[in-house]
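Colleague: Below you'll find the structure I mean.
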Amino acid sequence: MKLQTLLSRLPGFWVHRGGNPDIVALEMDSRHVTPGSLFFCVKGFTVDGHDFAEQAVERGAVAIVAERPLSVNVPVVVVPDSRRAMAILADAFYGQPTHRLHLIGVTGTNGKTTTTHIIEQVARKAGKKIGLIGTVGTKIGDRSYPAVNTTPESLVLQRTFKQMVDEGVEFVTMEVSSHALHQGRVHGCDYDVAVFTNLTQDHLDYHGTMEEYRNAKGLLFAQLGNRYDERRPKFAVLNHDDPVSQYYKHMTAAPIITYGIKEKSDVMAEQIEMTPGGMAFQLCTPHGTMAIETKLVGLFNVYNLLAATAACLASGFSLATIAEALANVSPVPGRFETVDEGQNFTVIVDYAHTPDSVENALKTVRQFAKRNVYVVIGCGGDRDRTKRPLMAQAAVRYADVAVFTSDNPRSEDPRQILRDMEAGVSAGDGTYVTIPDREEAIRYAIGQAQEGDVVLIAGKGHETYQIIGDDVIDFDDRAVARAAVKERR
């Protein structure tokens with residue numbers, strides 16, 4: 001594709017040192033540049049792509065997109081924001097692939113992964129070839145690929161959409177993070193349905209305030225319905241029990257479908273009961289009411305099931321197909337996943353890493369724990385420090401014993417992270433011990449557990465690594481827990 005043809009889709013730019021070369025690839029990492037590439041100079045948290053423009057040209061880049069003129073001997077397209085320009089041009093370069101897909105985006109603090117996986121399983125039950133993008137990874141049909149970010153950079157994202165189209169995928173569900181929305185990674189994505197799960201404290205290290213965090217999530221709904229196509233009606237699916245939905249309701253031009261348990265909503269759950277194998281409830285929708293039994297547990301999962309149901313109804317699936325799929329939904333790896341080696345106590349690994357999700361997970365555990373509840377919990381380094389004492393408070397309040405430990409400390413001193421957590425606990429709040437080494441902490445909790453107890457290992461879920469300093473080491477909470485249980489025999 002000629003550079004000028006590609007740039008015809010881009011507003012607000014000027015070209016320093018003109019030319020119209022053929023563009024055969026798009027790259028933002030100078031190490032991956034090949035002859036004929038258009039290189040994007042993107043500012044990151046630790047490096048600035050502008051510093052690598054010369055290296056990109058040496059490797060064969062025939063044009064550069066940057067936020068200032070550069071001294072290189074190829075055309076430089078100067079834009080206000082390289083990352084947003086990259087998203088727009090990636091969409092154009094790969095032929096606007098989302099215009100040929102039914103695309104559902106799910107945003108919110110908690111529940112994105114489970115909701116997208118439920119939607120995926122409903123679509124499979126309906127016979128669709130499905131694509132999925134999120135925290136656990138990317139799926140194209142029956143193949144899975146590991147994830148780097150919850151929502152990939154736009155070059156990877158649009159390239160993935162193009163691959164999905166080429167392989168006959170017709171239906172895609174994806175997690176949309178606040179970072180991706182704020183950075184414009186999903187510019188050009190043509191969403192058919194946008195889903196809001198909930199909003200609780202997280203990522204304030206990046207957004208600064210809850211208001212800014214809320215606004216970033218709202219960008220998904222602000223762009224929904226801006227491109228009118230009577231053949232592809234758009235829908236916003238909102239959690240009516242979360243007051244933030246009222247804000248998003250006024251941000252979108254799309255029709256709204258609400259779901260909830262407390263407030264009167266379009267899609268509701270009534271008569272919710274815990275069962276030996278999961279939960280049962282009455283699913284009430286504009287298309288009728290059906291009795292649902294599911295293997296999932298916890299009120300938070302009722303919300304996830306309702307969100308997925310509303311999104312699937314908006315996508316044209318029948319209530320009967322949805323109900324059949326919900327009855328057979330498989331748990332998501334690392335989301336309330338049990339470690340069962342025949343022991344007489346329960347071990348659960350969960351991704352809960354916000355104050356709200358820790359509280360919800362422990363409240364759910366309380367519903368079936370016969371004796372004591374232990375929770376192993378840490379907080380990530382180089383992330384929102386203000387949530388650390390709040391997570392510790394939730395842990396000691398809802399567990400009998402909390403074990404504070406490391407999560408992914410990254411560049412921070414693990415002991416300082418633990419001190420930040422301990423600052424949230426006052427005398428008399430509850431019982432906790434501090435064990436910085438995560439493996440030791442897991443082994444301690446499992447070693448203390450007796451018949452009827454529950455051990456909840458929170459924070460990392462499906463992750464198979466731990467980041468300590470610059471090192472990424474193999475670490476899987478599930479594997480460590482399994483080994484610890486076996487050693488008790």
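Here the Cβ of each residue, glycine as well, is placed from N, Cα and C on the backbone.
According to Swiss-Prot, the protein carries these features:
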BINDING   Gly108, Thr109, Asn110, Gly111, Lys112, Thr113, Thr114  ATP binding site
BINDING   Arg383, Asp407, Asn408, Pro409, Arg410, Gly459, Glu463  meso-2,6-diaminopimelate binding site
MOD_RES   Lys217  N6-carboxylysine
MOTIF     407-410  motif 'Meso-diaminopimelate recognition motif'
Colleague: At a C-beta cut-off of under 8 Å, are there same-chain residues at least 6 beyond the motif 'Meso-diaminopimelate recognition motif' (407-410) that contact it? List them, or none.
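Modeller: Residues 353, 378-383, 417, 438, 459-460, 463, 466-469.
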Colleague: Using all protein chains in view, find how many other C-beta atoms are within 10 Å of the C-beta of Glu463 (meso-2,6-diaminopimelate binding site).
Modeller: 20
Colleague: Highest Cβ count within 10 Å among the binding-site residues Thr109, Thr113, Thr114: which residue is it?
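Modeller: Per the Cβ count within 10 Å, the most buried is Thr114.
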Colleague: For Asn408 (meso-2,6-diaminopimelate binding site) and Thr109 (ATP binding site), what Cα-Cα distance in Å is obtained after rounding to a whole number?
Modeller: 19
Colleague: List every residue in the same chain as Gly459 (meso-2,6-diaminopimelate binding site), at least 6 positions away in sequence, whose Cβ is under 8 Å from its Cβ.
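Modeller: Sequence-distant Cβ neighbours: Tyr351, Ala352, His353, Ile377, Gly378, Cys379, Gly380, Asp407.
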Colleague: I need the CA-to-CA distance for Arg383 (meso-2,6-diaminopimelate binding site) versus Lys217 (N6-carboxylysine), whole Å please.
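Modeller: So the Cα of Lys217 (N6-carboxylysine) lies 18 Å away from that of Arg383 (meso-2,6-diaminopimelate binding site).
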Colleague: Counting other Cβ atoms within 10 Å, pick out the least crowded of the recorded positions Lys217, Arg410.
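Modeller: Counting other Cβ atoms within 10 Å of each of the recorded positions Lys217, Arg410 gives the minimum at Arg410.
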Colleague: Considering every residue in the motif 'Meso-diaminopimelate recognition motif' (407-410), what is the mean pLDDT value?
Modeller: 97
